[in-house]
Amino acid sequence: MVTGNMLWSGEDKAMVASVLGKEAFEYLMSGSVSAECSLMAIGNDQNLQNKLSDLVERPNAANFSWNYAIFWQISRSKSGELVLGWGDGCCREPKEAEEREVKKILNLRLDDEGQQRMRKRVLQKLHMLFGGTDEDNYAFGLDRVTDTEMFFLASMYFSFPRGEGGPGKCFGSGKYLWLSDALTSNLDYCARSFLAKSAGMQTIALIPTDVGVVELGSVRSIPESLELLQNIKSCFSSFLSLVRDKQAAGIAAVPEKNEGNNPRLSNSGAVTERTDGNPKIFGHDLNSGTHFREKLAVRKAEERPWDMYQNGNRMPFVNARNGLNPASWAQFSNVKLGKPVELYAPPTPGHNLMNGGREEFRLNNFQHQKPAARMQIDFTGATSRTIVSPAHNVESEHSDVEASCKEDRAGPVDEKRPRKRGRKPANGREEPLNHVEAERQRREKLNQRFYALRAVVPNISKMDKASLLGDAIAYITELQKKLRDMESERELRLGSTSRDAITSEDSPSSEIQIRGPDINIEAANDEVIVRVSCSLETHPLSRIIQIFKEAQINVVESKLSAGNGTVYHTFVIKSSGSEQLTKEKLLAAFSSESNSLRQLSPKLHKVILPSLF
């Protein structure tokens, strides 16, 4: 089977099916959306990553945060088909307490080296299948792929036409889905159910908005919360849908209910039950100056290298967060790709909004537009960028939207940059995700440290990291023991006298004043007698005298003579032991001294030994 310019053998198919699950593998291979068709998002919320990160990385008042958050965005394939494609996402690894909770229900398998190789191989094949190249294949740089990362990274390659898969069905019906027991339930909410269960996800929530579907997951079992659903829907809906929500809040105070008591969240983004004030999520005001609220602006849509159609014309789509209503699925489904298309707002009276009527933006050709009524944005040569401050009421917000869309200023033409085909992991980012890339770099740095440690440890029992750390600890302990032994031996060689001298020098209360040598000169007849006296500590032969004392040998007489450049010092000693024993004792004493004394000892022996025998 040739798919995506790759030949997949039966072994490759079995490997991919074992990692992704049979249903997910068949879904990707079924060709619901051609693997060779890149997707272009209709609208590009530049603040989307921050919103998803807050849901995952910032716990709420109850110290809860989701394990992953994905936004499935309305996208258009190269063939013009409208699908829900990967918009952006964020994930984190389960905490220790969360893992214990999952293990009670699901026996998590241990990832061996073979399983890791299979996961990396599957990610590489998926990357190539969807038009990627070896140069930008991030799977080659992954050290280890966890269950959560495998589920998250594999999800990037899925897309859902209307009515297919969990996100497609949810968006088509306008009804949310909340599963609190996904691990034990037999319901497969999506083709990715096998991957979600492998990652230990107990709670799965799919929340439709007017621009896509928000998918949330947690390894904890979370009860359904209507307030949380409304907050998330308000946060991820387009700006104009929030304006309509404020109008609807003054009319309908009771939420509309569907069959089965399941509150319906309409595709238009209207939430029928709202409280007074601005919508909030996790305590953040959506209409305040926080990062949840982006300034209203009209920007040039990003040009894609593949958006040239049969007649050479381009299909522009405006930013969903820039004040223009992103078209719903039904609005884009009947668009003909023959002529350039623009979005404009018909002159709708203000009372229509107050009566609950929906303000729609229609698709039409340029030749049918009236200059006074159209809201035109030229995506080919100029860009309009009018910034409007956040409004405080419905009337001012509506007027600000119209004003921002009518004022156009000429801008520089953006330089076209060639892009590689294939689906990027997120909107305009080369890395799969910031936190995934950071984790990969941390592991690479840790591995480099282990490689360096392995190079300096001489004896390695096993090649795994735990054994390497144990061997390194044993080696360091051995080196410390050798150091202590060498220090002890050095202290013994210094001798007890040196230690006593060092101790006396360190103690301020026992300072010894070392006197210089006393010189006495006497003249008698024709001779001059010179006597030099000094303390034993300062005498050059003090160590020899000390050796005699330690050997219990008395010095009877000492003679000094000089000749031929050599000084001879002769000692006449007396010992209580035998002559042979005295000789051996002196030889042993002199041999234990420093190198200088050992070099001097043979000469002394020649002087001393004849005096003994």
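One-based numbering along the chain as shown.
Every residue gets a Cβ built from N, Cα and C, even glycine.
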Margin query: Checking feature assignment: region 'Disordered' per Swiss-Prot, candidates 490-513, 562-585. Which range matches?
Written below: 490-513
Item checked: Among ranges 164-177, 430-443, whichever one Swiss-Prot labels region 'Basic motif' -> 430-443
Notebook entry, point to check: Taking a Cβ cut-off under 8 Å, which residues six or more beyond the ends of the region 'Helix-loop-helix motif' (444-479) line up next to it in the same chain?
Noted result: 141, 143
Check: Which whole-number mean pLDDT does the model give the region 'JAZ-interaction domain' (48-130)?
Finding: 81
Next item on the list: Kindly report the helix/strand/coil residue split of the region 'Helix-loop-helix motif' (444-479) according to DSSP, in that order.
Entry: 28 helix, 0 strand, 8 coil
